[in-house]
């Protein structure tokens with residue numbers, strides 16, 4: 001919508017308000033999203049019109065747009081929930097809990113459990129945090145004050161809380177001026193014309209010889225302006241003419257595209273109109289235009305635009321930068337694409353790195369291609385040398401200078417200090433790397449070899465999450481490009497962190513960015529979570545492209561290593577994934593690749609290599625395509641253990657591939673050249689970081705293959721010379737026959753000097769004895785909760801002890817730490833979690849316990865019956881539906897609990913409510929044998945299929961059991977209205993097999 005059309009909406013809003021069409025005014029405010037009326041919002045909140053409140057908000061934001069929006073919706077729904085509880089309307093409260101509040105459990109499971117626990121209280125004010133809750137009116141007033149602050153801080157409401165300054169009846173005045181002007185244009189204007197309609201232009205009747213220069217006196221109008229005081233019609237009027245049809249030169253990216261909602265929209269090809277023939281370079285129409293001689297278009301077969309000897313963003317001088325890292329090329333490189341086959345793909349697992357937390361992003365060093373940079377879901381960054389499997393650097397998240405951070409960031413960190421890494425990326429020369437975090441911040445580190453990382457820049461980049469980061473070279477100046485939850489793309493000076501550009505125009509959070517250049521024209525592709533693709537030049541004119549990604553998906557774009565082919569891969573909210581190649585000349589999809597799963601979990605990540613292959617992590621495997629084919633070329637499960645959509649990353653030569661694993665690790669896959677590269681590194685007898693710091697090494701062209709006799713720019717003594725020969729830089733023709741396919745089990749530290757670290761003094765480590773007011777007994781089992789905020793112990797007397805760390809000024813993230821003592825936690829009832837011990841001698845018992853993934857329940861035993869406890873209330877749920885329990889375990893998704901009984905039956909419980917939804921009788925899986933009593937002793941849940949499990953029987957047999965294909969799952973959960981709550985009574989559905 002153009003700016004004048006937007007202004008017209010404001011004029012209509014003013015007119016409707018003056019005419020007292022109140023409901024229509026607010027409906028237009030909501031549908032246009034141009035003005036948010038705080039007064040109207042305040043009235044609805046004060047009156048408790050919750051449905052209308054959310055309906056009005058929906059015109060401006062959604063629950064998951066950003067943290068401010070999420071907080072707004074949460075506070076409203078929480079208040080609605082508390083009011084239902086206050087009225088003792090339990091049914092309504094349960095409905096609100098599961099219909100409105102359940103969505104927030106994915107973001108804060110502990111809080112949702114605490115809210116759910118309020119249902120068990122006679123008066124929710126018994127909860128310490130709600131003890132000061134007054135009456136409904138005062139509570140709404142307090143909440144309203146908080147909501148106003150959140151709305152004012154929310155970037156989505158920026159410039160929407162104030163109406164423009166307008167004179168009264170501005171729309172009437174404009175119509176009045178138009179009618180006066182029309183009357184002036186009459187050939188024979190009459191005095192005091194009678195204007196009866198606005199549907200057609202005014203025109204006086206047949207001439208009668210009278211001239212009437214007097215002003216029009218219709219009540220709708222004012223005095224006639226002076227002649228010549230009106231601008232030409234259509235030049236500045238509030239109604240813009242329909243845009244003319246796009247000329248043939250605009251076919252391509254702008255063809256079939258949705259209108260660009262920015263006044264800066266350009267009519268240039270691919271939308272990237274700029275000096276230096278930017279349009280011509282980025283979009284080559286088949287026929288040059290005849291109506292714009294100022295633009296010099298190139299033909300579609302202009303090969304010099306496509307042919308480049310270096311990757312995007314790296315000028316020639318980058319290859320001459322001083323780098324004190326030894327590049328390690330290898331001899332058996334090929335020179336043409338024709339020699340590649342699927343055998344060139346890295347599919348052999350050669351090493352597994354234990355990361356310790358979930359991998360979110362990875363990037364290999366562009367020069368020393370055995371260095372892998374990793375970012376995780378808890379804000380850690382690590383640098384691995386994959387040749388030795390050594391972690392050479394590790395940084396945890398910490399704000400370097402909190403005083404220079406914005407107030408929203410300080411407030412966010414005060415409430416929750418935990419962050420996740422969204423992106424790690426090396427600069428083109430490997431001297432810097434950037435880290436984009438899930439909260440506002442971007443960190444830039446300088447790297448000087450070995451474990452030498454130095455803080456370089458801390459940028460408070462975006463409001464909310466920083467979703468992506470990249471490096472680029474506009475005007476031969478190294479810059480950092482970022483995008484975020486606030487829907488903005490920003491460009492920063494990599495030397496001093498100064499903001500150079502800010503590109504606005506996306507209507508949803510910006511998901512990814514892809515800087516690129518053709519010849520001397522630099523530009524950026526950006527994609528948003530609503531599936532929109534835009535392109536920007538380094539100016540402040542606005543986006544040049546507004547196009548839809550396949551499937552309206554969250555999409556990542558990437559060029560081939562030589563910069564000539566553009567690809568994208570994305571996954572939409574329905575789990576549909578699309579991997580395509582784009583025709584840049586046409587602005588359309590050139591090729592769609594087949595083989596991705598129809599219901600992907602998370603967003604599928606992909607990468608390109610060798611200007612020939614594509615790879616994507618999907619369906620617990622790594623899948624490969626030939627760029628020139630359509631169908632899946634090959635795939636590998638990497639020996640198993642991958643998550644549904646693993647994170648993947650090639651090194652620059654495509655000889656190594658890093659893949660994240662389900663158990664928070666990384667597998668390194670290699671082809672034959674990659675194995676040789678790692679063997680070379682393993683066998684070298686020196687540490688490259690000990691080389692003379694003044695040594696200058698010329699980096700190889702990234703993504704291209706140099707000749708076999710390439711040499712190091714400056715010989716670094718005898719060691720460097722020997723290494724050059726060793727790594728095959730001087731026509732090394734050794735056979736690969738002696739290379740072992742797996743090197744993970746071989747010692748790579750034989751040549752390294754190693755010394756045991758000994759801790760002998762209290763000053764050499766940090767320790768803390770946890771406070772304990774209960775009877776001191778031997779600790780039999782100990783476990784951290786999955787969230788890392790608590791420790792659960794099982795003592796030899798069958799009593800459980802739970803310590804919780806509280807979030808406070810000394811412990812901002814509330815995680816377990818030796819710096820702050822935790823609380824030995826007990827519910828207000830004072831009960832303990834105590835296992836049944838029966839007649840078992842505690843010394844002979846084998847205690848055990850297991851936590852659900854969301855820390856809601858613990859299954860435990862101390863030699864007798866298995867107990868199931870609620871971790872919030874410590875209440876014990878007996879399982880006597882079919883006799884004593886022999887074993888129990890969670891399904892892989894923690895949504896179900898499988899329980900076996902002494903009578904041979906197996907029960908399937910819904911984990912969230914502990915209700916039995918299916919019972920499997922022994923007759924369903926055992927052959928009848930009256931003389932032999934067979935019972936299941938152990939259960940194993942399938943690691944990825946939540947509906948399959950295995951039973952280990954007393955007679956030595958093992959059975960695998962899963963539901964019928966027509967059913968797909970074990971029964972259905974009873975509805976909340978039918979009595980939600982822990983139960984194992986015998987009202988299950990008929991058994992399934």
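For all residues, glycine too, the Cβ spot is worked out from N, Cα and C.
TrEMBL does not curate its annotations; it predicts them automatically.
If you look up TrEMBL, you'll see 972-987 marked as compositional bias 'Polar residues'. Feature annotation from TrEMBL assigns domain 'CTLH' to 34-92. For 966-993, the entry in TrEMBL reads region 'Disordered'. Residues or ranges marked as repeat 'WD' by TrEMBL: 459-502.
Within its own chain, the repeat 'WD' (459-502) has Cβ neighbours under 8 Å at 65-68, 155, 312-315, 317, 404-406, 408-409, 422-423, 425-428, 432, 434-444, 508-515, 517, 522, 524, 526, 528, 536, 538-540, counting only residues six or more beyond its boundaries. According to DSSP, the domain 'CTLH' (34-92) comprises 40 helix, 0 strand, 19 coil.
Averaged over the repeat 'WD' (459-502), the predicted model reaches a pLDDT of 92. Across the repeat 'WD' (459-502), the DSSP tally of helix, strand and coil residues reads 3 helix, 25 strand, 16 coil.
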